[in-house]
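Annotated features in Swiss-Prot:
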type    : residues                                               : note
BINDING : Gly34, Gly35, Asn36, Gly37, Ala38, Gly39, Lys40, Ser41 : ATP binding site
COILED  : 302-418                                                : coiled coil
COILED  : 488-600                                                : coiled coil
COILED  : 638-666                                                : coiled coil
REGION  : 667-784                                                : region 'Flexible hinge'
COILED  : 781-806                                                : coiled coil
COILED  : 836-1109                                               : coiled coil
REGION  : 1059-1080                                              : region 'Disordered'
COILED  : 1210-1239                                              : coiled coil
Amino acid sequence: MIERGKYQSLTMINWNGFFARTFDIDNLVTTLSGGNGAGKSTTMAAFITALIPDQSLLHFRNTTEAGSSQASRDKGLYGKLQAGACYAALDVVNSRNQRLLFAVKLQQVAGRDKKVDIKPFLIQGLPSHVKPTDVLVETVSDKHARVRQINEVKDAVGQIEGAHFKSFPSIVDYHAQMFEFGVIPKKLRNSSDRSKFYRLIEASLYGGISSAITRSLRDYLLPQNGGVKKAFQDMESALRENRMTLEAIKTTQADRDLFKHLITESTNYVAADYMRHANDRRNKVGQTLVLRGELFSSRETLIEQNSLLNRVHEELELLVEQESALEQDYQGASDHLQLVQNALRQQEKIERYQEDLEELNFRLEEQMMVVEEANERVMMAEERATISEEEVDSLKSQLADYQQALDVQQTRALQYQQAVQALDKARRLLDKPELTAESAQALATQLKAEQETRTSELLALKHKLDMSSAAAQQFNHAFDLVKRVLGEVARSEASKQAQQVIRQAREAQNVLQNEAQWQAQQRDLERQLEQQRSVRELATQYHKQHMVALDDAATVELERERHSALLEELETEQENCREQRGQLRHQEQELQTQIARFESIAPAWIKANDALETLREQSGAELADSQSVMAHMQQVLELEKAQSMAKDKLAERRAKLDSEIERLASPGGSNDPRLKGLADTLGGVLLSEIYDDITIDDAPYFSAMYGPARHAIVVSDLSGIKEKLVELDDCPEDLYLIEGDVDAFDDSSFNAEELEGAVCVQLNQRQMRYSRFPAIPLFGRAAREQRLELLREERDDVVEQHAKASFDSQKLQRLYASFNQFVAMHLQVAFDADPEQALANARDKRNQLLRSISEFEAQEQQLRSQLQASKQALAALDKLAPQMGLLDEETLEARYQELEEKLQQLSEAKAFIAAHGRTISELEKVAAVLDADPEQFDALEQQYQQADQALQQLKAQIFALSDLLERRHHFAYSDSVDLLNQSSELSEQLKAKLVQAESERTRSREELKQAQAQLSQYNQLLASLKSSHQAKLETVQEFKQELQEFGVHADEGAIERAQRRRDELQERLHTSRSRKSEYERTITSTELEMKALVKRMKKVEKDYQDLRTFVVNAKAGWCSVLRLARQNDVERRLHKRELAYLSADELRSMSDKSLGALRLAVANNEDLRDALRQSEDNSRPERKVLFYIAVYQHLRERIRQDIIRTDDPVEAIEEMEVELARLTEELTQREQRLAISSDSVASIIRKTIQREQNRIRMLNQGLSNISFGQVNGVRLNVKVRESHEILLAGLSEQQAQHKDLFESARYTFSEAMAKLFQRVNPHIDMGQRSPQVLGEELLDYRNYLELSVEVNRGSDGWLQAESGALSTGEAIGTGQSILLMVVQSWEEESRRLRSKDIVPCRLLFLDEAARLDAKSIATLFELCERLDMQLLIAAPENISPEKGTTYKLVRKVFKDHEHVHVVGLRGFAQTEKPKTAEQKFAEELAGELTE
């Protein structure tokens, strides 16, 4: 007998109070006794942690916390551990007598959550003498030990021979190992199973009736009938899959047109855009090249025109500058001419006035002389009149007074003597003896003049002397000024040098006055030289361009005639060139028409050619003409008919194989499927099911032995069978019934004898049956499976052949349809000449014509250039002709050099004035100081003395002459001397003198009046002459001032030169203005051309840049499009040559139409809808390809790859049509084979329920004698729910009413079950559960049962087991009983999963056992002993069980260290186990040896 596995010990390492403690586990009950806090619960926690190391489940609480969700944060484990590594180990010996140490390493994890790190491991094969602590703890010394880390434990185990260490990455693996070695009763596959096991342990630990377990007793007690449910699920899954596949096929059939529509429209949508982009890119590249060529040519033209414009601008600027200078010069020349004319007129006036003034001056001088003479006469007359009057008065007075007269005569005689003396004195002083009184007047005048000169000289000397004496400092200053200008100068030469410097400054000022004139002349000469240089440059340039030297005007005229003739010739050639270019244009237009015609017919030919190539590929024939196409089409039709016949034969063979396979696959391999139902009705089992496990070697024997009865029904009792048989409605023709024990059937009722290859069966005395061994035995599952395997292989071959035949047939049908379509649509044009080749030839000719046209255009451009050159040459000649005179002018340079010298003098004068002007101005003010050198004062003083003496002498002479002139009239008194001597005659003489004197006086008065009147006339005339002279003189001075202000030197040739210069400048200005107008016209026309060219070039450049940017950007996008298309093998479908001949609008219209259709087609597909929406972005053409790829991928995913032999959706759809009919037929047949009836489902569920009721009934027998307090028995009550009983009745008895559910393809079997449940139980609310979920629940038999726990308590009889109706001890006992029942149920359920030589350990817990009385504890002990179960309980100190092992736990505190003191003892009422015979024999032998 196999012994049950037992827990041997529990080892705790480094727990609170337990450093290294091992508790031996008793085979029955182990009691932990101790006071509060002694460590009982900690010990149980260590046991449970090693058993279930799942921290999400572990929650150790005291009984006051039972059921509380607000327990301590660490769930009671963290606080039970010490710091560092901790271990809990279970030492187990299983049924195979293997020692196993299942342990967990625990370590506190720092943090607020107070988590514990748990690592499970297993030590297997430890020798019996090695304790767990020897492995887990290292002894350091006699009194010290250290807890090993897990890797150290692994090393320590490795050193023990035969021991193995194994760690587990997960709790599932740990529990799987426990289950395999028989430590736990149930295989814990997942967290749900662990939770059930932990809840059971927890309920056992805390005692009482666990509501968590009683509420879900079905999950704990009733095993999941996985086989039944899986059978239903497999059948339902197969049916559902078949139906889904069939629906998918039907949907595919229904959506075939939609798929074709999707492919067609997506191809049109993407290919149209693809080809539009390709065409657009090709056109854009061509346009870009054209624009680039035009842009480059425009740039060259623009550069040429710009250079021309710059050259003309430069010439115009130079010309404008020259013209401005010319205008200034012309205006200056005109002004100068006007000035010269005015100056000449002024000069003429001045000359006329000068002549008048000279005449007036002459007359004035004459008149002055006349006036002076008249004055002299008047003075003399006045003097004579005065003398006469005085003489008369004197004579009268003399006559009146003789003495007075005598005195007067004496006075006169004295005056006469004095006059003679004065004359003598004058003669002596003057040293002129010839001097007379009459000549003294002239001499006196001469001497007075000399006196004035000498006086001036004397005054100058006096001034110099005064200056020399008073202004020595001024002399030094002036002398410094002279030296500043001239450097070192002798003092004696200072005045002279100063005068020379002043003259030089005045000459420089005079030179500066000619600056404007000389500069104007210089500008004139410069312009003439510039014109000369320009003319020479033009001539040189012309010579360079035309290789003709322009030496004279005749050569210019000859060149002009030559260029005129050349212009006429070039214009004629240009006209011929235009005519030839027009002819080529006409030919190009004709070729363009041909190209358009070829382009119009090319798409249809391309489609026809593609269809022809496709036909050639499909058929493998040449198909050279239309006759070969028709002939091959007839051959394809005949092949298709032959292939269809072969396919039908294979279909018949497949149907036969399917029926045989279906029969062998049925239970028992019966030919009649009704036998299973009859066996259930009669309460028996098919004989084939009893012998289902026989080997394949025994199958022929048993098949022959039972013969026709091999499909018999075995019943336990034949009595009453006949009545049941009579009631049968549907029954096979032959039905065999055998009486026997279903569970222990044997073949003893048959008298059989095995012969060679046969069996002879003696039925009775008069009947015997001989049956040979079948060649193919079908009795027993092994034989049937072998046959089924052969049949299925054959069927697979037949199916494959049929599929191949169907595919070939469909392929031939499609090929024939393709021939039909080709003949109908493309036969007329498929064999025409290739329009693309003709199109290429036409395009080549057109390109040649375009090149010729370009050559003519280039030639025409060259002619235009030559024309332009000739026109420019004529223009240059026109410029040169008026100025050819300057070409040979040689005097300009000399004149210019002469003027340069003058301007050099002018510059020197400017420099001299700039350097010394101010100094000379100061010097000019003080130059007179230099006349008298203070160092020459003595010489100057001597000179002054000499001049003064000479002047005094001259004055003495003049005084003598003046005295003589004053006494001149005294010479008339010569007679007075005589009168003094003749005094008697005095009176008479006085009278005579008086008469004479009176007459003289009268005459003198008359002369005086006449002289005065004449003097008055002369003075009047003199005054008028003086006024006229003064006016004329002032006018002349004004004219001279004006003439001086004119600043010109008017001479006879000045006006001629001015006129000549003005006319010359006027002619040059006219020429310059004509050239300026020509240049301006050239600039205007050039600017207009350049503006138009720039505008055109900007537009071309913008278009070029836009096109180039578009081409460059599109290139990357196009490369990505091509890469995508080639990588996904869709380029051949997108690159449709026929679309290349459509316009962009036509392609866009085609794409837009397909886009509208695609929006409707993909409206229900989110991925394709999003891809289509993204593909509408025209800036991202690759997205359309991605959409096309997505469509293909979608179609690839939609098409079943298991039945299609291609990845191309287009071909796959065609191939799928081949398989549709075959698959539809197969799936329909399979569904008929897999269909299950509702009656069989009810029968299976009822049988399973009955089996479980019997099992629970057996479990109740084990609990019938249990008693706790007033409880005398515990049992489980199981019953079928009323609503589910109604469902079973509906399934089995009312099939006809519910055919609409189970025979409908709309519902799966589960959904039909749910619908039926709702139909028969309309009062039950189904909630939110779907029919599928509810149907799956209804396929689980456990949902049909209700389980409850009842107790037989005192006089109340059997009552529902509830904690409130029982005492604490009764509840604990009842709960433990239920848990034992669950553990036993789990062992029964898991028996088939574990090895047959393993019986698992049984152990339960009970904390605080003080709530049980002694009788109850004894009952528990008895229960443990009867059910071979171990029990670990905790009890207070006052309880000491009589049996098992008891540990006394006392917690002691030594300083800051806690330690639990443990004392173990055996129960005093421990009964020894009965000794075996071997043990008794060994004891007897030992006794004999002792004696």
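Even glycines carry a Cβ here, placed using N, Cα and C.
Feature map: Swiss-Prot annotations on the structure.
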{"residue": "Asn36", "record": "ATP binding site", "Cβ contacts under 8 Å, 6 or more apart": "none"}
{"residue": "Gly37", "record": "ATP binding site", "Cβ contacts under 8 Å, 6 or more apart": "Arg1451"}
{"residue": "Ala38", "record": "ATP binding site", "Cβ contacts under 8 Å, 6 or more apart": "Leu1449, Val1450, Arg1451, Val1460"}
{"residue": "Gly39", "record": "ATP binding site", "Cβ contacts under 8 Å, 6 or more apart": "Asn16, Gly17, Phe18, Leu1449, Arg1451, Val1460"}
{"residue": "Lys40", "record": "ATP binding site", "Cβ contacts under 8 Å, 6 or more apart": "Leu32, Ser33, Gly34, Asp1407, Ala1434, Leu1449"}
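Proximity of distant same-chain residues to the region 'Disordered' (1059-1080), defined by a Cβ-Cβ separation under 8 Å and at least 6 residues beyond the stretch ends, is recorded for 312, 315-316, 319-320, 322-323, 326-327, 329-330, 333-334, 336-337, 524, 527, 531, 875, 879, 882-883.
Using a 10 Å Cβ-Cβ cutoff, Ser41 (ATP binding site) registers 21 neighbours. When the binding-site residues Gly34, Gly35 are compared by the number of other CB atoms within 10 angstroms of each CB, Gly35 has the fewest. When each of 638-666, 781-806, 836-1109 is scored by its Cβ pairs under 8 Å to the coiled coil (488-600), the top-ranked stretch turns out to be 836-1109. For the coiled coil (781-806), the model's average pLDDT works out to 82. Residues of the region 'Flexible hinge' (667-784) grouped by DSSP class, helix first, strand second and coil last, total 43 helix, 23 strand, 52 coil. Counting residues of the region 'Disordered' (1059-1080) by DSSP class, helix then strand then coil, yields 22 helix, 0 strand, 0 coil.
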